[in-house]
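Chemist: Shown below is the structure under consideration.
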Amino acid sequence: MGQDLPLLLSAALGKKVNRPPVWMMRQAGRYMKIYRDLRERYPSFRERSENPELSYEISMQPFHAFKPDGVILFSDILTPLPGMGINFEIIESKGPIIEDPIRTLNQVENLRELNPSESLSFVGQVLSSLKKDVNNEATILGFVGAPWTLAAYVVEGKSSKNYSLIKSMAFNEPDLLHKLLDHFAKSIGEYLKYQIKSGAQVVQIFDSWAGQLSPQDYDMFAGPYQKKVVEIVKAEYPETPIILYISGSAGVLERMAKTGVDIISLDWTVDIEEACKRIPRGIGIQGNVDPGILFGNKKSIKERIDDTFNKIKDRKYILNLGHGILPGTPEENAQTFFEHGKKLTY
């Protein structure tokens, strides 16, 4: 049966594979000319990510160009928010803006339970089309934002440098924040199940801003809600591999391993050999390559991939960057990353 599964799914399940699978976070996006051309025709990010034809087309752009082992849904971690009654806009170069930041008990109590098949049917449509058309030549990936990161956006109202508003809530009104986090955990768990039902074969949870927490606050406000999302998903889809990514996670790797996820995606600020010692063997590892290396020459890109792989050869591993690919990355360097990655062998 292992032969019938796409490579990334096989590797994520812990089956024996000939080489590590390779894909990139943000592999569909601004570094690709074909994407920038489409963006000129459709300047609204929400339209690009919520119109199923456009989202499908963008999701497939890197697959046509590079044949990665994973095809990830083109969407955004904030996409489920309107289904809960929180509206947002994404302004080019500024990032997301929440129209009415959530800061009171009344607002939290008025949030709707997320019904993904109703408010996010376009996501289901895209995933089922991807699954059908990619036809197991690659693994279909879904993703969500974790409760802490979603809460950080909706409380702050936008991206933040120091997260003073949500931290003020955490330390002054912890019960209010826990209520919000719990609401998000249930909704995000349901959303992930909907993605899996629609065609996602592996899913990734992005807790992008959990790296801003001290370990003790991670244990209070991030870890338990990541775990709750995982438990909701595993209750219905115990076999679907779940990846967890946190930017700036070097201080909480052991804690991430206790959430029930199958794979931990590393940023590039931690030594991968050290990470292997800190993460239990049963848990796979993804990423760790500095996206900045893709601004280097081909030789340096290949050497960095080889160095990373040689340090982790005896572990379940998915080759990826330690963060999303950066805008302005030369496309031919992305090509080198994929081509060289596919030459690795166990």
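Using N, Cα and C of the backbone, Cβ positions are placed for all residues, glycine too.
The substrate binding site annotation in Swiss-Prot covers Arg26, Gln27, Ala28, Gly29, Arg30, Asp76, Tyr153, Ser208, His323. Annotation comment: Swiss-Prot describes Asp76 as site 'Transition state stabilizer'.
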Chemist: Would you identify which of the binding-site residues Arg26, His323 has the most other C-beta atoms lying within 10 angstroms of its C-beta?
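Modeler: That would be His323, with the highest Cβ count within 10 Å.
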Chemist: Which of the three DSSP states, helix, strand or coil, fits Arg26 (substrate binding site)?
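Modeler: Once the DSSP labels are grouped into three classes, Arg26 (substrate binding site) ends up as coil.
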Chemist: Using all protein chains in view, find how many other C-beta atoms are within 10 Å of the C-beta of Tyr153 (substrate binding site).
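Modeler: Here the count is 26.
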Chemist: Would you identify the secondary structure of Tyr153 (substrate binding site) according to DSSP, in three states?
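Modeler: Going by the DSSP assignment, Tyr153 (substrate binding site) falls within a helical segment, counted as helix.
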Chemist: If you measure His323 (substrate binding site) to Asp76 (site 'Transition state stabilizer') at Cα, how many Å is it?
Modeler: 15
Chemist: Please report the Cα separation of Arg26 (substrate binding site) and Asp76 (site 'Transition state stabilizer') in Å, rounded to an integer.
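Modeler: If we compare the Cα positions of Arg26 (substrate binding site) and Asp76 (site 'Transition state stabilizer'), the gap is 10 Å.
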Chemist: Most Cβ neighbours within 10 Å: which of the recorded positions Ala28, Arg30, Asp76 is it?
Modeler: Ala28
